[in-house]
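Pulled from Swiss-Prot:
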- 1-132: region 'Disordered' (REGION)
- 1-14: compositional bias 'Acidic residues' (COMPBIAS)
- 88-108: compositional bias 'Acidic residues' (COMPBIAS)
- 159-221: region 'Disordered' (REGION)
- 196-219: compositional bias 'Acidic residues' (COMPBIAS)
- 285-313: motif 'Q motif' (MOTIF)
- 316-494: domain 'Helicase ATP-binding' (DOMAIN)
- Ala329, Lys330, Thr331, Gly332, Ser333, Gly334, Lys335, Thr336: ATP binding site (BINDING)
- 442-445: motif 'DEAD box' (MOTIF)
- 658-710: region 'Disordered' (REGION)
- 697-706: compositional bias 'Acidic residues' (COMPBIAS)
- 854-879: coiled coil (COILED)
Amino acid sequence: MEEEEVVVVVDEEESERRRQKMIEEEKKRLDEEMELRRRRVKEWQEQKRLEEEEAKRREQEAAAGAGTPAAAAGADGDSNAGKKWTLDGEESDEEGYKEDSQNAEDDGGITADLPSEVNDANVAAPMEEDEIDPLDAFMSSMVLPEVAKLETAVASMESMPASNMGDKNGKSAKDAVSNGDKKGQKKAMGRIMQGDDSDSDYDDDDDDEGGSKDEDDEEFMKRVKKTKVEKLAIVDHSKIEYQPFRKNLYIEVKDITMMTGEEVATYRKNLELKVHGKDVPKPIKTWVQSGLTSKLLDTIKKLGFEKPMPIQAQALPIIMSGRDCIGIAKTGSGKTLAFVLPMLRHVKDQPPVVPGDGPIGLIMAPTRELVVQIHSDIKKFAKSLGINCVAIYGGSGVAQQISELKRGAEIVVCTPGRMIDILCTSSGKITNLRRVTFLVMDEADRMFDMGFEPQITRIVQNTRPDRQTVLFSAIFPRQVEILARKVLTKPVEIQVGGRSVVNKDITQLVEVRPENERFLRLLELLGEWFDRGKILVFVHSQDKCDSLLKDLFQRGYPCLSLHGGKDQTDRESTLADFKSNLELVVNYDVPNHYEDYVHRVGRTGHAGRKGFAVTFISDEEERYAPDLAKALELSEQAVPQDLKGLADRFMAKVKQGTEQAHGTGYGGSGFKFNEEEDEARRSAKKAQAREYGYEEDKSDSDSDEEGGVRKAGGDLAAQAIAAAQAAATLAAAKAASNANQQVQSTNAGSLLSIPVVANAPNNEATARALQAALNIQQNLARIQAHVVPEHYEVELDINDFPQNARWKITHKETLGPIQDWTEAAITTRGTFIPQGKIVGANERKLYLFIEGPTELSVKKAKSELKRVLEDCANHALNLPGSAQTGKTANSEMQGFLVKVFLGRWTAILVFLDDGVICNIRAEKLDKWQVRVFYVKVADPLGYSITE
């Protein structure tokens with residue numbers, strides 16, 4: 001047994017030696033191939049240089065003599081060169097040879113034969129290789145077909161008239177095409193190409209004349225900040241011939257028809273219903289009277305729904321009649337079935353959906369959880385009817401959603417942001433809205449509050465105009481009313497119940513506390529309530545949620561976070577844990593309107609249990625105090641004196657006109673850049689310029705067209721001297737007339753302004769004083785001209801770009817190469833001001849200040865900075881679920897992978913180009929046991945890893 005074991009060991013050692021030998025032989029063969037290729041490249045470059053010298057010599061001879069037909073020689077050279085081994089179309093390691101090779105090819109081509117060494121090497125290479133070279137296989141399969149296409153395009157261009165073949169520099173059309181392609185390739189790479197080639201790419205005067213570099217900052221901001229909402233083209237319905245469909249599917253039964261007006265009014269009063277509109281159908285009493293199919297009625301019976309709820313009793317006949325409807329009802333009032341049942345009946349009345357068709361029914365909801373809930377309710381009825389329903393929402397795998405849409409679905413339940421993503425993907429080939437004839441917007445008030453107005457508007461614009469539209473909302477604020485007027489046609493309004501009021505079983509406590517005292521108070525509340533049950537803390541932003549979670553972890557409190565950036569499975573798990581036994585609600589950040597406060601506080605005190613809610617508010621947030629005081633009064637709770645004082649003080653300011661009421665919320669944070677905002681932006685910019693002392697004249701108004709570049713330094717000194725001379729002339733004239741007026745220099749560009757005392761003793765003393773003052777001004781202007789030399793400066797606003805774009809554009813790794821290349825100084829100025837926050841009197845939004853010795857250097861720097869910003873914005877826009885709603889997109893990103901071996905598990909971390917680590921989902925790959933860790937970024941340097 002021992003001898004056999006020894007033999008096995010020897011065999012393993014022998015196999016290891018053989019393997020090492022094979023590796024060495026393979027390495028040697030690759031080295032030889034590399035050396036051969038290097039020698040080929042060297043010989044080819046030398047031959048190119050000789051050909052260039054020969055071409056120049058021919059040009060000189062042609063210019064001196066009668067002129068030899070260089071074009072014919074060049075054509076012969078091209079045909080001969082096609083038979084030689086060259087590196088045309090490949091990237092050379094040395095950039096200096098690129099431009100030389102292009103000039104040589106354009107002037108005369110390659111006419112001389114390559115050295116015999118290269119030819120011998122070409123012949124011997126296939127004999128030495130036992131198999132096809134991978135590079136040659138790649139070239140023959142991928143590159144050469146593309147080269148053939150380009151040659152065909154060039155040949156077609158060469159067949160054009162001679163006047164169109166070349167430019168003023170004598171370059172051929174082929175040269176222009178190749179230069180344009182390479183130029184586009186360099187720009188697409190997103191890197192600064194320094195050296196001669198960079199100058200040719202970025203300093204081309206022709207490009208500066210008519211290219212995109214002349215666009216002003218406003219146009220640049222509008223183009224770069226164009227969201228997926230704006231990239232979704234608006235459909236021209238006049239050019240589409242839609243198939244007709246039937247809306248009215250309701251037949252009123254005899255029992256309902258025989259009801260008198262008084263009976264209907266009494267019945268609606270008992271149901272707490274209020275309706276507004278013309279020819280409103282009467283409410284029903286039983287399910288049989290609704291006009292639904294027998295299969296739907298059987299499913300309703302199996303689910304145990306005995307009779308319609310108030311909103312269902314009135315909404316079903318209205319929607320089944322084909323009328324547009326507005327339903328104002330609280331959450332949990334049964335409004336989901338009020339639009340789901342008519343939608344199912346509407347879908348069954350239409351031709352079946354085939355692959356490639358879009359949905360017939362479209363339901364939009366604000367949150368993922370509500371989408372899942374509506375989808376679950378529809379599935380209960382759709383199975384018996386043979387109807388497919390797809391839920392489209394963020395935080396989950398988009399691939400499965402796309403595959404289900406491609407197979408065909410009659411009903412789609414979606415969040416607006418993810419639906420825009422799907423419609424923009426693959427140029428709209430995945431799905432479309434051409435067949436949507438039944439549109440539902442559920443909880444429209446919450447969608448506006450979350451900033452979905454741009455997405456909703458664009459989706460509605462892309463559906464057919466004669467659709468049936470249903471809108472449900474907990475309240476009916478002005479923003480929702482404006483949308484209803486736009487998208488609904490003669491709607492019927494249904495209101496169920498009264499105004500939302502906080503449950504009287506919930507004890508509400510409002511404390512006036514500054515920001516720096518809230519965390520300690522929160523710890524005190526946790527110490528008191530932690531053992532009694534679960535606690536829910538509300539904050540304004542995702543970042544604050546994550547930072548507060550980290551702080552509570554450090555204090556030893558086990559807790560979970562819930563926000564839009566979390567994975568869907570994490571959200572569902574967290575919600576499942578907090579569905580019951582919730583005892584305390586803490587509004588760490590004050591709600592911004594009354595309804596939001598009611599929704600937050602209403603999470604506790606369910607099923608007749610007592611609840612407790614604590615809300616923090618500071619003196620700076622006094623605009624929200626009246627809503628809190630009103631909520632306490634309506635729920636019959638005592639209003640604290642300090643809160644009442646805050647509310648009274650703010651309302652007094654509103655009456656005086658120094659403050660403006662904050663409204664009812666529901667403005668959202670979505671990006672809505674229309675013409676009115678464009679004009680408001682320009683007006684604010686001009687007002688800010690006047691505040692900082694800039695004179696508003698014609699040159700300032702035209703600065704946008706010139707890129708905003710202005711002259712400074714020496715030019716300012718010249719203006720100061722000219723203004724001083726004008727002031728001297730004016731002062732002398734006034735002194736001569738002995739006017740008792742006070743003369744003051746009005747030079748805005750100089751450093752000193754000296755008043756002259758009125759009622760001077762005599763004219764001579766006044767004139768001498770004026771002359772002395774003017775001499776001082778002229779001297780200061782000359783000193784300024786020497787200290788501050790003539791230069792150019794421009795500004796670039798970056799405050800409104802995404803966080804990753806701002807970080808990238810202000811980092812020294814980005815600014816350093818641009819400054820070295822353009823010889824312009826770039827500094828970051830201003831402070832970051834979030835969207836929605838009012839800019840202070842002495843504040844400016846974050847911007848880059850660019851100054852350089854020449855106007856060209858400043859323009860180059862600004863153009864390159866714009867390119868970097870545009871790349872970052874496009875990168876963020878292309879991420880799944882990154883429809884811009886004024887918040888930084890939290891989504892899965894792709895970069896390069898780094899494997900970290902941890903025992904039998906492997907951690908894969910995804911790093912972006914700028915070094916930021918992002919969250920990725922755990923998964924298993926084939927036979928590998930791979931566990932991906934969630935990496936939460938606390939700051940650029942420190943991060944925590946959790947499974």
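First residue shown is number 1, and so on along the chain.
Glycine is treated like the rest: Cβ placed from N, Cα and C.
Structural mapping of features recorded in Swiss-Prot.
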residue : record           : CB count, 10 Å
Ala329  : ATP binding site : 22
Lys330  : ATP binding site : 16
Ser333  : ATP binding site : 18
Gly334  : ATP binding site : 16
Lys335  : ATP binding site : 25
Thr336  : ATP binding site : 23
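According to its DSSP assignment, Thr336 (ATP binding site) is helical.
Residues 249-251, 253, 255-256, 267, 271-273, 320, 327, 329, 333-335, 337-338, 341, 344-345, 348, 380-381, 384-385, 494, 496 of the same chain lie 6 or more positions beyond the ends of the motif 'Q motif' (285-313) yet place their CB under 8 Å from a CB of it.
Secondary structure at Lys330 (ATP binding site), as computed by DSSP, is coil.
For the domain 'Helicase ATP-binding' (316-494), the model gives a mean pLDDT of 87. DSSP labels the residues of the motif 'Q motif' (285-313) in these numbers: 18 helix, 0 strand, 11 coil.
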